[in-house]
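Database features, via TrEMBL:
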- 20-37: transmembrane segment (TRANSMEM)
- 44-63: transmembrane segment (TRANSMEM)
- 83-109: transmembrane segment (TRANSMEM)
- 116-138: transmembrane segment (TRANSMEM)
- 202-221: transmembrane segment (TRANSMEM)
- 228-244: transmembrane segment (TRANSMEM)
- 250-272: transmembrane segment (TRANSMEM)
Amino acid sequence: MNANFSAPFVYTGLTLNQKNIVIILSLSLQLLVLLVYKDFVAFFSIFFATAGAVAADILLTYLGENRFHFNFDSLTIGLISGFFLPVSLGFVASFCISFFAFTLVCAVFGGRGSNWINPVMFAVCIAYLAYPEVFHAISLNLEKLQRNGTVFSVLQLSDLHVIKQDQEITSALNSVFLHGIGVTLPEGYISLLVRISSPIPAFRYNILTLLSSIILFSFRIIPKMQSVAFLGTYGILVWLFPWFPDLGSVASGDMLCAFLTSGVLFTAFFVLPESGSSPRTKTGRCIYGMLTGVFAFLIAGPGFSAIGIPFAVLAGNIFTPLIESAEQKLYRRKRMKYDFEN
(Lines of atoms letter the chains of each structure in order from A and count residues from 1; the text may use other names and numbers.)
(Lines give C-alpha, C1' and ligand atoms only; values in the text may rest on other atoms or scores of the structure.)
Protein backbone atom coordinates (compact mmCIF):
# COMPACT_ATOMS: atom_id res chain seq x y z
CA MET A 1 0.00 0.00 0.00
CA ASN A 2 1.42 3.33 -1.03
CA ALA A 3 0.84 6.38 1.11
CA ASN A 4 1.42 9.93 -0.02
CA PHE A 5 2.46 12.41 2.64
CA SER A 6 2.32 16.12 1.96
CA ALA A 7 5.10 18.30 3.25
CA PRO A 8 4.03 20.93 5.80
CA PHE A 9 5.72 23.65 3.76
CA VAL A 10 6.21 24.02 0.03
CA TYR A 11 9.07 26.27 -1.11
CA THR A 12 8.31 27.71 -4.53
CA GLY A 13 11.36 29.97 -4.89
CA LEU A 14 14.72 29.20 -6.43
CA THR A 15 17.42 27.54 -4.36
CA LEU A 16 20.68 29.34 -3.56
CA ASN A 17 22.55 27.38 -6.23
CA GLN A 18 19.86 28.16 -8.80
CA LYS A 19 20.07 31.86 -7.97
CA ASN A 20 23.84 31.77 -8.36
CA ILE A 21 23.46 30.09 -11.74
CA VAL A 22 21.14 32.89 -12.91
CA ILE A 23 23.64 35.51 -11.72
CA ILE A 24 26.45 33.72 -13.54
CA LEU A 25 24.38 33.52 -16.72
CA SER A 26 23.52 37.21 -16.49
CA LEU A 27 27.24 38.01 -16.32
CA SER A 28 28.10 35.64 -19.16
CA LEU A 29 26.85 38.22 -21.67
CA GLN A 30 29.61 40.60 -20.59
CA LEU A 31 32.12 37.77 -20.86
CA LEU A 32 30.88 37.11 -24.37
CA VAL A 33 31.37 40.78 -25.28
CA LEU A 34 34.96 40.57 -24.03
CA LEU A 35 35.54 37.66 -26.39
CA VAL A 36 33.87 39.51 -29.26
CA TYR A 37 36.24 42.44 -28.73
CA LYS A 38 39.10 39.91 -28.44
CA ASP A 39 39.98 41.16 -24.99
CA PHE A 40 41.43 37.83 -23.92
CA VAL A 41 43.52 39.42 -21.15
CA ALA A 42 40.38 40.64 -19.37
CA PHE A 43 38.60 37.34 -19.97
CA PHE A 44 41.37 35.21 -18.51
CA SER A 45 41.96 37.67 -15.68
CA ILE A 46 38.35 37.08 -14.62
CA PHE A 47 38.81 33.34 -15.13
CA PHE A 48 41.84 33.16 -12.82
CA ALA A 49 40.14 35.26 -10.15
CA THR A 50 37.17 32.91 -10.31
CA ALA A 51 39.47 29.91 -10.07
CA GLY A 52 41.12 31.41 -6.99
CA ALA A 53 37.86 31.70 -5.05
CA VAL A 54 36.69 28.23 -6.12
CA ALA A 55 40.04 26.69 -5.14
CA ALA A 56 39.87 28.36 -1.73
CA ASP A 57 36.33 27.09 -1.18
CA ILE A 58 37.24 23.54 -2.15
CA LEU A 59 40.31 23.60 0.11
CA LEU A 60 38.39 24.98 3.11
CA THR A 61 35.64 22.41 2.64
CA TYR A 62 38.15 19.59 2.48
CA LEU A 63 40.03 20.78 5.56
CA GLY A 64 36.82 21.27 7.55
CA GLU A 65 34.72 18.32 6.41
CA ASN A 66 37.34 16.00 4.90
CA ARG A 67 35.53 15.88 1.59
CA PHE A 68 35.61 17.64 -1.75
CA HIS A 69 32.59 19.78 -2.53
CA PHE A 70 31.87 22.39 -5.19
CA ASN A 71 29.78 25.42 -4.27
CA PHE A 72 28.25 27.79 -6.82
CA ASP A 73 28.46 30.59 -4.26
CA SER A 74 32.25 30.68 -4.47
CA LEU A 75 32.02 30.62 -8.27
CA THR A 76 29.79 33.69 -8.21
CA ILE A 77 32.00 35.54 -5.72
CA GLY A 78 35.13 34.76 -7.72
CA LEU A 79 33.49 35.83 -10.97
CA ILE A 80 32.35 39.18 -9.58
CA SER A 81 35.77 39.70 -7.97
CA GLY A 82 37.38 39.16 -11.36
CA PHE A 83 35.22 41.87 -12.88
CA PHE A 84 36.43 44.36 -10.27
CA LEU A 85 40.15 43.53 -10.46
CA PRO A 86 42.16 45.52 -13.05
CA VAL A 87 43.28 43.44 -16.00
CA SER A 88 46.82 44.82 -15.63
CA LEU A 89 47.07 43.04 -12.27
CA GLY A 90 48.14 39.81 -13.98
CA PHE A 91 46.74 36.28 -13.93
CA VAL A 92 48.80 34.97 -11.02
CA ALA A 93 48.08 37.98 -8.83
CA SER A 94 44.36 37.79 -9.63
CA PHE A 95 44.27 34.13 -8.60
CA CYS A 96 46.28 34.66 -5.41
CA ILE A 97 44.35 37.74 -4.27
CA SER A 98 40.99 36.09 -4.88
CA PHE A 99 42.16 32.93 -3.10
CA PHE A 100 43.57 34.84 -0.12
CA ALA A 101 40.55 37.16 0.23
CA PHE A 102 38.02 34.32 0.13
CA THR A 103 40.03 32.29 2.64
CA LEU A 104 40.48 35.20 5.04
CA VAL A 105 36.81 36.19 4.92
CA CYS A 106 35.75 32.63 5.68
CA ALA A 107 38.35 32.12 8.41
CA VAL A 108 38.23 35.47 10.19
CA PHE A 109 35.12 37.45 9.32
CA GLY A 110 32.29 35.10 10.24
CA GLY A 111 32.67 32.10 7.94
CA ARG A 112 30.83 31.13 4.78
CA GLY A 113 27.26 32.41 4.62
CA SER A 114 27.63 34.52 7.77
CA ASN A 115 30.54 36.75 6.82
CA TRP A 116 30.02 40.41 7.61
CA ILE A 117 32.72 41.59 5.18
CA ASN A 118 31.95 41.49 1.47
CA PRO A 119 34.52 39.10 -0.07
CA VAL A 120 34.45 40.80 -3.48
CA MET A 121 35.31 44.27 -2.24
CA PHE A 122 37.71 42.84 0.30
CA ALA A 123 39.67 41.29 -2.57
CA VAL A 124 39.65 44.58 -4.49
CA CYS A 125 40.95 46.55 -1.50
CA ILE A 126 43.70 43.97 -0.93
CA ALA A 127 44.69 44.34 -4.58
CA TYR A 128 44.78 48.13 -4.22
CA LEU A 129 46.96 47.98 -1.10
CA ALA A 130 49.34 45.54 -2.79
CA TYR A 131 49.35 47.07 -6.29
CA PRO A 132 48.06 50.68 -6.14
CA GLU A 133 49.69 51.53 -9.46
CA VAL A 134 47.26 49.34 -11.46
CA PHE A 135 44.20 51.26 -10.29
CA HIS A 136 44.22 54.12 -12.73
CA ALA A 137 41.52 56.67 -12.00
CA ILE A 138 39.73 57.97 -15.07
CA SER A 139 41.29 61.32 -15.86
CA LEU A 140 38.73 63.99 -15.12
CA ASN A 141 39.15 67.70 -15.78
CA LEU A 142 36.97 69.06 -12.99
CA GLU A 143 37.56 72.68 -13.99
CA LYS A 144 36.32 71.94 -17.51
CA LEU A 145 33.31 70.05 -16.16
CA GLN A 146 32.48 72.87 -13.74
CA ARG A 147 32.83 75.48 -16.47
CA ASN A 148 30.88 73.73 -19.24
CA GLY A 149 28.82 71.28 -17.22
CA THR A 150 28.84 68.63 -19.95
CA VAL A 151 30.12 65.09 -19.84
CA PHE A 152 30.96 65.26 -23.54
CA SER A 153 33.61 67.93 -22.85
CA VAL A 154 35.22 65.60 -20.32
CA LEU A 155 35.13 62.72 -22.78
CA GLN A 156 36.92 64.82 -25.37
CA LEU A 157 39.67 65.86 -22.95
CA SER A 158 40.25 62.49 -21.35
CA ASP A 159 41.06 58.94 -22.38
CA LEU A 160 37.41 57.87 -22.26
CA HIS A 161 36.01 56.13 -25.30
CA VAL A 162 33.51 58.10 -27.38
CA ILE A 163 31.38 55.98 -29.70
CA LYS A 164 30.85 57.30 -33.21
CA GLN A 165 27.07 57.20 -32.92
CA ASP A 166 26.93 59.21 -29.67
CA GLN A 167 25.69 62.44 -31.21
CA GLU A 168 23.24 60.72 -33.57
CA ILE A 169 21.69 58.53 -30.88
CA THR A 170 21.46 61.41 -28.41
CA SER A 171 19.80 63.62 -31.01
CA ALA A 172 17.30 60.89 -31.90
CA LEU A 173 16.39 60.26 -28.26
CA ASN A 174 15.90 63.96 -27.60
CA SER A 175 13.76 64.57 -30.67
CA VAL A 176 11.64 61.41 -30.56
CA PHE A 177 11.26 60.41 -26.91
CA LEU A 178 12.43 63.14 -24.53
CA HIS A 179 11.19 66.26 -26.29
CA GLY A 180 7.59 65.60 -25.30
CA ILE A 181 8.37 65.59 -21.57
CA GLY A 182 10.66 68.60 -21.66
CA VAL A 183 13.91 66.70 -21.02
CA THR A 184 17.13 67.03 -23.00
CA LEU A 185 19.89 64.45 -22.77
CA PRO A 186 23.35 66.00 -23.22
CA GLU A 187 25.91 64.35 -25.45
CA GLY A 188 28.33 61.90 -23.90
CA TYR A 189 26.00 59.79 -21.79
CA ILE A 190 25.44 57.23 -24.53
CA SER A 191 29.19 56.58 -24.62
CA LEU A 192 29.25 56.15 -20.84
CA LEU A 193 26.29 53.80 -21.05
CA VAL A 194 27.56 51.62 -23.89
CA ARG A 195 31.27 51.30 -23.20
CA ILE A 196 33.90 52.91 -20.99
CA SER A 197 37.60 52.39 -21.65
CA SER A 198 38.68 51.15 -18.24
CA PRO A 199 41.15 48.52 -17.01
CA ILE A 200 38.40 47.34 -14.65
CA PRO A 201 35.81 45.23 -16.55
CA ALA A 202 33.00 46.05 -14.08
CA PHE A 203 33.16 49.69 -15.20
CA ARG A 204 32.86 49.05 -18.93
CA TYR A 205 29.39 47.95 -20.03
CA ASN A 206 26.76 49.79 -18.01
CA ILE A 207 23.99 48.96 -20.45
CA LEU A 208 24.63 45.23 -20.01
CA THR A 209 24.71 45.69 -16.24
CA LEU A 210 21.30 47.37 -16.39
CA LEU A 211 19.89 44.59 -18.57
CA SER A 212 21.22 42.01 -16.12
CA SER A 213 19.63 43.86 -13.20
CA ILE A 214 16.25 43.68 -14.92
CA ILE A 215 16.62 39.90 -15.15
CA LEU A 216 17.74 39.57 -11.53
CA PHE A 217 14.90 41.70 -10.18
CA SER A 218 12.28 40.12 -12.45
CA PHE A 219 13.05 36.62 -11.17
CA ARG A 220 13.60 37.87 -7.60
CA ILE A 221 17.15 36.60 -7.61
CA ILE A 222 18.41 39.47 -5.47
CA PRO A 223 16.71 41.73 -2.90
CA LYS A 224 16.25 45.25 -4.18
CA MET A 225 16.10 47.22 -0.92
CA GLN A 226 19.82 47.85 -0.37
CA SER A 227 20.41 48.55 -4.07
CA VAL A 228 17.66 51.16 -4.25
CA ALA A 229 18.70 52.74 -0.94
CA PHE A 230 22.34 52.89 -2.06
CA LEU A 231 21.62 54.44 -5.45
CA GLY A 232 19.05 56.85 -4.03
CA THR A 233 21.28 58.09 -1.21
CA TYR A 234 24.39 58.38 -3.35
CA GLY A 235 22.51 60.05 -6.20
CA ILE A 236 20.81 62.63 -3.96
CA LEU A 237 24.10 63.56 -2.28
CA VAL A 238 25.85 63.92 -5.64
CA TRP A 239 23.01 66.13 -6.88
CA LEU A 240 22.95 68.28 -3.73
CA PHE A 241 26.71 68.70 -3.30
CA PRO A 242 28.35 68.23 -6.73
CA TRP A 243 31.76 69.67 -5.77
CA PHE A 244 32.00 68.55 -2.14
CA PRO A 245 33.70 69.76 0.05
CA ASP A 246 33.29 72.97 -1.93
CA LEU A 247 29.70 73.99 -1.13
CA GLY A 248 29.58 76.94 -3.50
CA SER A 249 27.24 75.14 -5.91
CA VAL A 250 24.23 73.28 -4.52
CA ALA A 251 21.57 71.09 -6.18
CA SER A 252 23.28 70.99 -9.58
CA GLY A 253 25.11 67.66 -9.52
CA ASP A 254 25.18 65.08 -12.30
CA MET A 255 23.65 61.90 -10.88
CA LEU A 256 23.65 60.06 -14.21
CA CYS A 257 27.36 60.65 -14.72
CA ALA A 258 28.05 59.43 -11.18
CA PHE A 259 26.00 56.27 -11.74
CA LEU A 260 27.75 55.42 -15.00
CA THR A 261 31.30 55.68 -13.64
CA SER A 262 33.23 54.06 -10.80
CA GLY A 263 31.30 50.77 -11.09
CA VAL A 264 28.33 52.16 -9.14
CA LEU A 265 25.68 50.17 -11.03
CA PHE A 266 27.70 46.94 -10.93
CA THR A 267 28.13 47.39 -7.18
CA ALA A 268 24.45 48.09 -6.60
CA PHE A 269 23.20 45.02 -8.47
CA PHE A 270 25.94 42.40 -8.03
CA VAL A 271 27.87 43.28 -4.84
CA LEU A 272 25.54 44.80 -2.26
CA PRO A 273 22.90 42.00 -2.46
CA GLU A 274 25.52 39.43 -1.32
CA SER A 275 23.68 37.60 1.45
CA GLY A 276 26.52 37.12 3.91
CA SER A 277 27.53 40.77 4.33
CA SER A 278 24.01 42.18 4.07
CA PRO A 279 21.49 42.46 6.94
CA ARG A 280 18.59 40.01 6.92
CA THR A 281 15.59 42.35 7.27
CA LYS A 282 14.28 44.96 4.84
CA THR A 283 14.83 47.73 7.38
CA GLY A 284 18.40 46.60 7.99
CA ARG A 285 19.10 46.38 4.27
CA CYS A 286 17.72 49.88 3.76
CA ILE A 287 19.94 51.30 6.50
CA TYR A 288 22.93 49.39 5.12
CA GLY A 289 22.32 50.70 1.61
CA MET A 290 21.93 54.28 2.81
CA LEU A 291 25.12 54.14 4.88
CA THR A 292 27.05 52.70 1.94
CA GLY A 293 25.67 55.48 -0.26
CA VAL A 294 26.92 58.10 2.20
CA PHE A 295 30.36 56.51 2.33
CA ALA A 296 30.44 56.25 -1.46
CA PHE A 297 29.79 59.97 -1.73
CA LEU A 298 32.43 60.85 0.86
CA ILE A 299 35.09 58.55 -0.63
CA ALA A 300 34.33 58.37 -4.37
CA GLY A 301 32.79 61.82 -4.76
CA PRO A 302 30.84 62.58 -7.96
CA GLY A 303 32.25 59.59 -9.84
CA PHE A 304 35.31 58.79 -11.93
CA SER A 305 36.94 56.96 -8.99
CA ALA A 306 38.80 53.68 -9.46
CA ILE A 307 38.79 52.48 -5.85
CA GLY A 308 36.33 54.65 -3.91
CA ILE A 309 33.30 52.37 -4.13
CA PRO A 310 35.04 49.20 -2.81
CA PHE A 311 36.24 51.03 0.28
CA ALA A 312 32.77 52.53 0.72
CA VAL A 313 31.22 49.05 0.73
CA LEU A 314 33.69 47.84 3.35
CA ALA A 315 32.93 50.91 5.46
CA GLY A 316 29.24 50.03 5.25
CA ASN A 317 30.01 46.42 6.18
CA ILE A 318 31.36 47.59 9.53
CA PHE A 319 27.83 48.54 10.52
CA THR A 320 26.22 45.26 9.44
CA PRO A 321 26.84 43.45 12.77
CA LEU A 322 25.66 46.54 14.65
CA ILE A 323 22.46 46.73 12.60
CA GLU A 324 21.70 43.05 13.12
CA SER A 325 22.47 43.29 16.85
CA ALA A 326 20.14 46.27 17.23
CA GLU A 327 17.40 44.45 15.30
CA GLN A 328 17.75 41.36 17.50
CA LYS A 329 17.50 43.45 20.67
CA LEU A 330 14.44 45.23 19.32
CA TYR A 331 12.83 41.92 18.40
CA ARG A 332 13.50 40.47 21.86
CA ARG A 333 11.94 43.52 23.51
CA LYS A 334 8.85 43.23 21.33
CA ARG A 335 8.65 39.52 22.06
CA MET A 336 8.95 40.06 25.82
CA LYS A 337 6.30 42.76 25.69
CA TYR A 338 3.98 40.47 23.72
CA ASP A 339 4.53 37.57 26.14
CA PHE A 340 3.92 39.86 29.13
CA GLU A 341 0.65 41.22 27.69
CA ASN A 342 -0.60 37.75 26.74
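Along the chain as shown, the residues are counted starting at 1.
Each Cβ is built from the backbone N, Cα and C atoms, and glycine gets one as well.
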When you check the transmembrane segment (20-37) against the transmembrane segment (202-221), do you get at least 3 Cβ pairs under 8 Å, counting only pairs 6 or more apart in sequence?
yes
Are there residues at least six beyond either end of the transmembrane segment (250-272) with Cβ under 8 Å to its Cβ atoms? List them, or say none.
23, 27, 80, 83-84, 118, 120-121, 138, 149, 151, 189, 192-193, 196, 200, 202-203, 206, 209-210, 212-213, 216, 222, 226-227, 230-231, 234-236, 238-242, 278, 288-289, 292, 296, 300, 302-306, 308-309, 313
